[in-house]
Amino acid sequence: MTGLEIWLLAIGLAMDCFAVSIASGIILKRTQWRPMLVMALAFGLFQALMPFIGWMFAKTFSHLIESVDHWIAFAILAFLGGRMILESFKDEDCRQTFNPASPKVVFTMAIATSIDALAIGISFALLGINNYTEILSPILIIGFVSFVMSLIGLYFGIKCGCGCARKLKAELWGGIILVAIGLKILIEHLFLQ
């Protein structure tokens with residue numbers, strides 16, 4: 001792969017992180033740098049780690065991962081999105097607010113948005129990337145791009161969501177976005193391959 005192809009691949013992989021970050025930013029409502037950095041770091045780390053894991057185990061597990069990666073990503077995103085949608089219809093007084101900055105949610109979203117990156121790692125092995133020095137550059141670029149796009153998405157979501165989040169039912173739209181990403185992953189794998 002050329003350098004340009006790796007950067008374009010990194011941007012493509014980071015789009016799910018970007019969309020989830022926008023949804024999370026809408027819910028956060030105000031700039032909170034610590035949770036924003038933790039979220040962006042988690043997304044970047046998992047986007048870098050998953051291709052490495054996929055690359056390491058490609059020869060042994062590729063047929064298993066390729067057959068279910070889209071279902072795993074869809075299930076996780078649909079669960080999180082469905083939960084957010086349901087919570088958006090509860091009364092304000094009795095509702096537990098969905099917290100996209102909680103460690104459990106960040107971890108789950110980071111895994112869900114990086115499942116495709118696992119498959120990319122498998123394809124790296126199939127493309128002939130054979131040693132650690134060759135895989136290092138692509139995974140660092142993928143992690144960096146995902147980190148930056150996640151921060152931008154969070155900031156954008158916060159700025160768009162400020163003042164109008166209540167009127168727009170931010171949790172409803174955030175949930176719809178997560179379910180849509182899950183459906184996109186599922187449709188791409190079932191019908192476009």
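For all residues, glycine too, the Cβ spot is worked out from N, Cα and C.
Feature annotations, courtesy of Swiss-Prot:
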- 8-28: transmembrane segment (TRANSMEM)
- 37-57: transmembrane segment (TRANSMEM)
- 61-81: transmembrane segment (TRANSMEM)
- 109-129: transmembrane segment (TRANSMEM)
- 138-158: transmembrane segment (TRANSMEM)
- 172-192: transmembrane segment (TRANSMEM)
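Of the ranges 8-28, 37-57, 109-129, 172-192, the one with the most Cβ pairs under 8 Å to the transmembrane segment (138-158) is 8-28. Against the transmembrane segment (109-129), the recorded stretches 8-28, 37-57, 172-192 differ in Cβ pairs under 8 Å, and the greatest number is found for 37-57.
Only residues 6 or more beyond the boundaries of the transmembrane segment (37-57), in the same chain, are considered here, and those with a CB under 8 A from a CB of the stretch are 13-14, 17, 20-21, 24, 65, 100-101, 106-107, 109-111, 113-115, 117-122, 124-125, 129, 135, 138-140, 142-148, 150-151, 154.
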